[in-house]
Amino acid sequence: MNLTFFGLCLACMGVSLAEGMLMNGLFKSAARQPDIIPQLRSLMIMGIAFIEGTFLVTLVFSFVIK
């Protein structure tokens, strides 16, 4: 049981790091080319959706394994 929660904490940490890296790249790209901010925004939303989807699958598996 404790190992399941530890794995969930690691998955949550991975999601946080991935979202931080995504936002870092977005801000760097927006600083270089402000004209493409609308395109970057749609890609950012899609990227965050995939990252959060991976976390939710991990969360469901942790409850199923429990």
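In case you wondered, yes, glycine gets a Cβ from its N, Cα and C as well.
Sequence-distant contacts of the transmembrane segment (3-23) (same chain, at least 6 residues past either end, Cβ-Cβ under 8 Å): 44, 47-48, 51-52, 54-55, 58-59, 62, 65-66. Marked as transmembrane segment by Swiss-Prot: 3-23 (among others).
Residues or ranges marked as transmembrane segment by Swiss-Prot on the basis of sequence analysis: 45-65 (among others).
Under a cutoff of 8 A between CB atoms, and with a sequence separation of 6+ in the same chain, the neighbours of GLU52 (site 'Reversibly protonated during proton transport') are VAL15. If you look up Swiss-Prot, you'll see GLU52 marked as site 'Reversibly protonated during proton transport'.
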